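K.L.:
Annotation source TrEMBL lists domain 'Cation/H+ exchanger transmembrane' at 64-464. Residues or ranges marked as transmembrane segment in TrEMBL: 55-73, 79-97, 118-135, 147-170, 182-205, 256-279, 309-327, 347-366, 372-397, 409-426, 446-467.
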Amino acid sequence: MAEFPNTTHEGFNVTLHTTLAVTTKLVRPSPAKPILPVQTGQQAQQEEQSSGMTIFFSLLVLAICIILVHLLIRYRLHFLPESVAVVSLGILMGAVIKIIEFKKLANWKEEEMFRPNMFFLLLLPPIIFESGYSLHKGNFFQNIGSITLFAVFGTAISAFVVGGGIYFLGQADVISKLNMTDSFAFGSLISAVDPVATIAIFNALHVDPVLNMLVFGESILNDAVSIVLTNTAEGLTRKNMSDVSGWQTFLQALGYFLKMFFGSAALGTLTGLISALVLKHIDLRKTPSLEFGMMIIFAYLPYGLAEGISLSGIMAILFSGIVMSHYTHHNLSPVTQILMQQTLRTVAFLCETCVFAFLGLSIFSFPHKFEISFVIWCIVLVLFGRAVNIFPLSYLLNFFRDHKITPKMMFIMWFSGLRGAIPYALSLHLDLEPMEKRQLIGTTTISIVLFTILLLGGSTMPLIRFADIEDARARRRNKKDVNLSKTEKMGNTVESEHLSELTEEEYEAHYVRRQDLKGFLWLDAKYLNPFFTRRLTQEDLHHGRIQMKTLTNKWYEEVRQGPSGSEDDEQELL
């Protein structure tokens, strides 16, 4: 009896050993991931040095561009859009670097290369989020139907017209041949519009606000739609579609697009609504630093999540910005509201400037394959595709709109379809074989972007004056007073209409009791806005104003007590 426990224990060990051996044979552990060369030793150090030089070069380019914008503002060169000036400066810098490399004085080829991953991960999300976040200042929701029609269906029409035209011209041996999926991918990426210069001219000349919002709103949604369409074409390219009929290919592409579009939009909208509820019920207004930090986290959160689950991060962060501007922003303290405005503007300005500068640099930094016939036909197809998009859809929308889109407005909308950095970055992101095809697409994209920015963007103001679309107040101004500097206006204004200072009673009087609200606007004012936003009491309003006044007085006292800010000196200056 005394040896029984030992026998049992020994048998248990044998059984356990046998079970583990069988299990080990049946379930093999997955092999460990190999350590990449860049993670160890000298190669890691070289990678760090290369990244450091790239960061240094990018910051140096940004600093030079900021000085250029400052000179434009200082010497009142307001007739020149900043985007055009920065692209021109990038071209000049690229030429200088090319001469330096030709003389073998330095080699900056790696530093001046524009990396698509850097664009999509670091530069594009702040630009898109700021665009969505700034939609509060226009009648975006009043024109949401028209904007969506132009941005979604119009972009798809343009992509099919350009892609189909390139494919059939190639089959007719008029231009270089591209297969169907590559043609559609190029048509999708080149359909992304970026009317930065046009919007600056619209704001300077005070054109019809409906025209301004139609162009601005379409350009924001259009970028995301164009990226999703391009990703759809890339997905078809990676799959083996040889055994699939054309109708099945179309259905697969349509299903992928709908999943990307609506899935990403739903994810961004849900993230924005969650941020509104979090900041409504967790009151961080007395600690603006924590409140501001939470907003920055929610700003980038949908992009990372969407990309991680194979959706469109750009579409998600766009809708998140729109929702956060409409709901979350009004749960913030006045200090954080101003911080968000200025921070987003500054970061978006730096990202846009960096992109336009590298767009100019790319003329000399990448190997090119230039075919004049391919470029000319693509420009013709881009302009024709834009026309097929704008004019028929505008006539269709006029049957349902109270504020009609006039023929002059249609023409300006067609003319303002400038191309920007997104088509260029997408062209570099395409996985095309052979390399000559990739170089052809990249060179043609750069040519179209420069053509639209420099030629069409530079002639928009004379066209608007000739078409007599500008506001009567602006028409009476002297041409010298027209200011196209987006940066100068951005720094001199704080959008007070985006500061939430409505109490419960004031909100009831301004929105809920209005009889002209219909559809979504009525639903939003009656139910959604009260549920997702915090209505201020008189005490909250009083506390917010005291907080702003305290911070202002504290800053003023620190300025007065500086090394050269004594009260005697101040009196002498006065």
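The backbone N, Cα and C atoms fix where each Cβ goes, and this holds for glycine too.
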K.L.:
Determine which recorded stretch among 79-97, 147-170, 256-279, 372-397, 446-467 has the most C-beta pairs below 8 angstroms with the transmembrane segment (409-426).
P.N.:
446-467
K.L.:
Taking contact to mean three or more C-beta pairs under 8 angstroms, with sequence separation of 6 or more, is the transmembrane segment (79-97) in contact with the transmembrane segment (446-467)?
P.N.:
yes
K.L.:
Residue list, the transmembrane segment (347-366) vs rest of chain: Cβ under 8 Å, 6 or more residues beyond ends.
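P.N.:
Non-local partners: 58, 61-62, 65-66, 69, 82-83, 86-95, 97-98, 109, 112-114, 119, 122-124, 126-127, 130-131, 196, 420-421, 424-425, 439, 442, 446, 449-450, 486-487, 490.
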K.L.:
For the transmembrane segment (147-170), could you work out the same-chain residues 6 or more beyond its ends whose Cβ comes under 8 Å from its Cβ atoms?
P.N.:
140, 176-180, 183-188, 190-192, 213-214, 217-218, 220-222, 225-226, 229, 261, 377-378, 381-382, 384-386, 388-390, 393, 396-397
